[in-house]
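Asks: My structure is below; once you've seen it, I'll send some questions.
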Amino acid sequence: MAAACSLVGPSMFSSHSRRVLVTEFSAVEVSSSSSVVDVPVRARCTFRSSSVGSGHGPCIQRAAKELDTCLSYSPFSSSSPSADERWRSQGSRGSHLEALDMGMFGTAAEGERMVPGLEVGAGSWLEHHSEETSSSRGTSGGVPVFVMLPLDSVKMSNVVNRKRAMNASLLALKSAGVEGIMMDVWWGIVEKDGPMKYNWSAYLELITMARKHGLKVQCVMSFHQCGGNVGDTCTIPLPPWVVEEIKSNNDLVYTDKNGNRNFEYLSLGCDSLPVLKGRTQVQVYSDFMRSFRETFKDLLGNTVIEIQVGMGPAGELRYPGYPEQNGRWRFPGIGEFQCYDKYMIASLKSAAEAIGMPAWGHAGPNDAGDYNRWPEEVAFFSRDGGWKSAYGEFFLDWYSKMLINHGEKILSAAAGIFRGTGAVLSGKVAGIHWHYGTRSHAAELTAGYYNTRYRDGYAPIARMFGRHGVTLNFTCIEMKDEEQPPQASCSPESLLKQVTVASRTAGVRLAGENALPRFDQTAYNQVVKKSRLQFNLPVDSHEEQEPMCAFTYLRMSESLFQAENWRLFVPFVRHMQEGRTFQTWEQGHQDSESHVHATRPMVQEAVLMYH
């Protein structure tokens with residue numbers, strides 16, 4: 001009989017009169033089977049103490065050694081699933097507490113040895129899986145810069161677009177000190193010819209081109225349609241065979257209260273239903289990623305160093321609450337709930353009946369306004385509106401948990417597929433900063449983030465990312481509060497601060513992007529500053545914190561290679577990668593001027609190739 005058990009941090013350990021905060025542990029499976037093998041239980045820990053200074057290194061090392069001894073060995077059956085797989089399966093069912101009760105409050109679980117003098121005290125428990133990494137650069141380290149490729153870098157005909165321009169552009173980026181590139185790998189192109197008929201030829205050519213220039217690659221598994229969002233300059237629909245299924249069953253896509261269908265991404269309501277030629281949505285995405293892994297196995301971990309998994313519109317984990325297509329939504333509208341396909345309504349009905357309130361399961365709130373209204377104009381989102389009522393809390397909790405469960409399923413599958421390849425996994429969370437200063441945070445609510453003035457909606461998302469060792473990629477890093485229209489109560493800086501706290505608490509690495517194309521010094525200054533993630537918060541005011549693990553610049557274009565824009569971009573890259581946060585830009589420009597001059601021929605060729 002096997003039992004899964006784990007210590008899940010943060011937890012406070014006492015050793016040698018020092019307090020050691022352990023933030024993360026791996027799960028283990030303990031078996032009473034006679035056929036067992038000894039395996040190490042790996043833990044990635046952060047040790048913090050206000051009394052620990054430069055002279056207390058030996059103490060920290062002793063504490064770490066004792067902790068390692070405590071958790072060093074646990075037997076499990078060689079015939080049973082791995083501990084990691086067990087943890088992921090428990091996570092997908094949402095039953096962590098039942099599985100973890102043996103070690104939760106300091107009781108030695110079967111197979112574990114407790115060290116005298118090392119006591120476990122229950123802290124604020126988190127449920128997340130974490131993996132060891134070797135990417136830490138320390139608190140003073142730089143932030144590598146990646147550059148997004150154009151959305152149409154691969155044509156619908158599955159060939160690399162403007163090959164000569166692409167080659168010259170990659171060469172110029174490398175000369176500027178860029179770490180690598182990010183590219184969308186479009187589901188609508190690769191699996192265009194039919195279910196499980198994959199054509200990776202253009203992407204293989206493009207990644208090989210990047211490798212030739214010494215550039216690393218972040219590949220985005222883009223399971224969404226291109227077209228309909230901010231910055232979309234081309235249209236790449238979902239695979240034709242998927243579109244056929246949608247035409248015969250419109251409920252496969254997100255739907256608003258007026259029956260408007262959104263064809264950007266399949267509704268999460270049908271995640272577990274075999275509606276795609278006998279496969280579920282998650283199975284289709286898994287098969288796609290598995291084929292990618294087999295095709296690019298020799299490049300994973302050395303050239304392809306990151307896989308970003310798309311989980312919604314624009315590749316972000318969210319509902320399409322603010323679609324720009326056909327002018328349906330305009331900034332800074334509050335958006336609309338997307339829960340009116342029959343599968344979402346069936347889930348809502350079931351959730352309402354489960355709590356004895358069947359009347360709540362027929363639809364979303366009927367007083368939530370429309371896409372372009374403002375919070376105080378709408379009863380549900382007003383200062384003391386329906387969002388604070390028992391019904392409102394029920395609905396918003398269900399709506400957000402459905403989104404998190406969707407992310408859980410996809411990231412769990414991706415983690416299993418790419419485990420051991422050397423590639424890092426990441427996922428994207430949208431920077432919905434408008435109406436952030438209001439009580440209800442209406443725009444975030446319609447997108448699926450249950451974040452209000454009284455509730456942290458990003459902590460559960462970060463914990464979900466942490467369960468699978470996934471980097472959280474967040475947008476709007478370049479934005480300043482003062483640049484936003486004051487009447488819209490925007491606060492991208494406060495939002496970034498909140499997401500940073502949620503990520504740190506969950507032990508999740510944070511990466512960043514700019515939300516809009518910017519080529520000006522003000523935006524670059526802001527990115528350099530915010531990339532350090534130094535907010536002087538009470539939890540970390542006495543110590544330095546590591547910066548973002550990476551920043552991806554949006555995006556490579558002819559404009560980027562214009563002389564004045566390039567002159568600002570090159571020193572920005574150098575500032576980021578070298579961690580020279582406090583050096584003046586004037587000095588940075590002087591140091592980079594010769595470098596800018598050296599790259600000029602390649603940049604000029606790149607510009608010419610766009611015509």
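For all residues, glycine too, the Cβ spot is worked out from N, Cα and C.
Annotations per TrEMBL:
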type	residues	note
BINDING	D184, H224, D232, K428, H433, T475, N514, A515, R555	substrate binding site
ACT_SITE	E316	active site, proton donor
ACT_SITE	E513	active site, proton acceptor
Asks: Please determine which of the binding-site residues listed here (H433, R555) has the lowest count of neighbouring CB atoms within 10 Å.
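Replies: Comparing Cβ neighbour counts within 10 Å for the binding-site residues H433, R555 gives R555.
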Asks: Give me the CA-CA distance between H433 (substrate binding site) and the residue listed as 'active site, proton acceptor', in Å, as a whole number.
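Replies: Between the Cα atoms of H433 (substrate binding site) and the residue listed as 'active site, proton acceptor', the distance comes to 14 Å.
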Asks: Round to a whole number and give the Cα-to-Cα distance in Å for the pair R555 (substrate binding site) and E513 (active site, proton acceptor).
Replies: 10
Asks: Given D184 (substrate binding site) and E513 (active site, proton acceptor), what distance in Å do their CA atoms have, once rounded to a whole number?
Replies: 15
Asks: Do any residues at least six apart in sequence from the residue listed as 'active site, proton donor', in the same chain, have a Cβ closer than 8 Å to its Cβ, and if so which, in order?
Replies: G310, K428, V429, A430, T475
Asks: For E513 (active site, proton acceptor), list the number of other Cβ atoms lying within 10 Å of its Cβ atom.
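Replies: There are 22 of them.
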Asks: N514 (substrate binding site) has how many other Cβ neighbours within 10 Å of its own Cβ?
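Replies: I count 22 other Cβ atoms within 10 Å of it.
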